[in-house]
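Peer 1: This structure is in structure tokens; I'll ask about it shortly.
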Amino acid sequence: MPDTTPQLRLYNTLTRTKEAFAPIDAKNVRMYVCGPTVYDFAHIGNARPVIVFDVLFRLLRHVYGAQHVTYARNITDVDDKINARAARDYPDLPFNEAIRKVTESTNAQFQADVTALGNLQPTVQPRATEHMDEMRAMIDRLVQRGVAYVAQDHVLFSPSAMNARKGPRYGALARRSLDEMLAGARVDVASYKRDEMDFVLWKPSKKGEPGWPSPAGIETLGRPGWHIECSAMSMAKLLEPFGGGLKCDDPERNQFDIHGGGIDLVFPHHENEIAQSCCALGTERMANIWMHNGFLQVEGQKMSKSLGNFITIRDVLNDGLPQLGEWGDNTVRDHWAGLAARLSMLQTHYREPINWTAQRLAESADELHRWYGLLRDEGFGAPEKLSHASAVAAALCDDLNSWAAITALRQAFKVRDVAALGEGMALMGLLDPYFVTASDVPIFARADVDASAIAARIAERLNFINAKNWAEADRIRDELLQEGVQLKDSKDPATGERITTWDVVG
């Protein structure tokens, strides 16, 4: 780690404390994040963990070197919701072909959407259907060790059997007892379960449903439960390539550094992942640090289709933003709206709940417009290294304090420190070189406008406002409007300070 980079500290849901991050192997830093179930358009709540952990991925690459960080984000392409969508959308196709159409088209849309949000591609994106062998092998190991059992062609994991053994306890992540978890959980009641809290590792496929050879001596075809998929895929991508896995008896080699996802996944999904992986691999921890982002609301309400406020990422990208006018290049429009959405989300710390509003999205687009305008005016070039991003890096090293990082970007803009602004934006995934260099983007088509002169007149107007000389402040506003420049006043949500932006009109 470079001496100029502060110690990275991350909040660990497992310990409920902010911890200094110490990778198991600084040359092989490894992170796993639960990805999408590809049956429908991803909504803006799905976008939040993608953005949050992309920022962490960028920060880890900055600190340890891009070649030393592996980021795995899975794709769930085996699920009852996928089956239902396939039957609905393609009733005339053979079922497996219909499922393939749903998963391939939905995944392609997801990849396009999250790319528009400014995210890097993860190092690997394993698909559940590609790792059935690992799932079966892990299930067989769990049965052999007495923490899973076969019943009516199902294989189930027994939390009570896990807790009867020496080693990690079920419930350590959620910090709840089995009775407390049962009281607050929605569990499937089934006669073949020994205990209500037992959960499915494998289940038989019905006629016509996709199915694979089953583990544990079961003769019928079946398919995996949701939780075992992530345990198997993280093992395949973050343990086995580095000497871990089912053939390894070294507990440290069977752990990776960071596991992330939304707060809604703490229980049961992540709790069950830990149980499966620890019991199968003989380790105390599946991952050393568990990170979870907070919930998202829309205009102060829970997002739901029944309330009519269900917003997909594609909705945000398609709506565009007024700065681009009638710009016909959909890719460019997507990327501009995506960057604005990214900045909007990063203005709330990842562990806090976020309130998505159209106003904040528009304000974020305005702020990006100002930042890019300065970079263009000063001829900023895409940086090869981020040697001037220290203030942003320091903020992000404090448990991804994105608000403090954005404050650093605002300060760099205020003092016209172009290197700090541009490199800091790059570290946060807010820099698209196209918007810095392209000459044909309507948002920056201001050849006849002197941005520096306008900034000076805005500063003069603010001085008049502070002196309560309203007549002179209005005079400057009206003169600029006559010249085709419209001013817009707003307030910094954190400081209350007046912010004035401008745009060309007429």
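Residue numbering: from 1, along the chain as shown.
Cβ from N, Cα, C; glycine included.
Swiss-Prot feature annotations, pasted as is:
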{"type": "BINDING", "residues": "Cys34, Cys230, His269, Glu273", "note": "Zn(2+) binding site"}
{"type": "BINDING", "residues": "Lys305", "note": "ATP binding site"}
{"type": "MOTIF", "residues": "36-46", "note": "motif ''HIGH' region'"}
{"type": "MOTIF", "residues": "302-306", "note": "motif ''KMSKS' region'"}
Peer 1: Residue list, the motif ''KMSKS' region' (302-306) vs rest of chain: Cβ under 8 Å, 6 or more residues beyond ends.
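Peer 2: Result: 43-45, 296, 356.
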Peer 1: Grab the same-chain neighbours of the motif ''HIGH' region' (36-46) for me: Cβ-Cβ under 8 Å, and only residues 6 or more beyond its ends, written as numbers and ranges.
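Peer 2: Counting only partners 6 or more residues beyond its ends, the motif ''HIGH' region' (36-46) has Cβ contacts under 8 Å with 75-77, 79, 81-82, 84-85, 102-103, 106-107, 109-110, 113-114, 262, 295-296, 298, 303, 310-316, 341, 356.
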Peer 1: Taking every protein chain shown into account, which of the binding-site residues Cys34, Cys230 has the largest tally of Cβ atoms within 10 Å of its Cβ?
Peer 2: Cys230
Peer 1: How big is the gap, in Å, between the Cα of Glu273 (Zn(2+) binding site) and that of Lys305 (ATP binding site), rounded to a whole number?
Peer 2: 30
Peer 1: Cα distance, the residue listed as 'ATP binding site' to His269 (Zn(2+) binding site), nearest Å?
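Peer 2: It is 24 Å, counting Cα to Cα.
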Peer 1: Within 8 Å of the Cβ centre of Cys34, Cys230, His269, Glu273, which other residues of the chain have their Cβ, at the recorded Zn(2+) site?
Peer 2: Trp226, His227, Glu229, Ser231, His259, Gly261, Leu265, His270, Asn272
Peer 1: Glu273 (Zn(2+) binding site) has how many other Cβ neighbours within 10 Å of its own Cβ?
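Peer 2: Summing over all protein chains shown, Glu273 (Zn(2+) binding site) has 27 other Cβ atoms within 10 Å.
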Peer 1: If one measures from the C-alpha of Cys34 (Zn(2+) binding site) to the C-alpha of the residue listed as 'ATP binding site', what distance in angstrom results, rounded to a whole number?
Peer 2: 23
Peer 1: Limited to the motif ''HIGH' region' (36-46), I'd like the whole-number average of pLDDT.
Peer 2: 95
Peer 1: Between the binding-site residues His269, Lys305, where is the Cβ count within 10 Å the lowest?
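Peer 2: So among His269, Lys305, the binding-site residues given, the one with the fewest Cβ atoms within 10 Å is Lys305.
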Peer 1: What's the CA-CA gap between Cys230 (Zn(2+) binding site) and the residue listed as 'ATP binding site' in angstrom, rounded?
Peer 2: 28
Peer 1: Report the DSSP secondary-structure composition of the motif ''KMSKS' region' (302-306) as helix, strand and coil residue counts.
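Peer 2: Split into helix, strand and coil, the motif ''KMSKS' region' (302-306) gives 0 helix, 1 strand, 4 coil.
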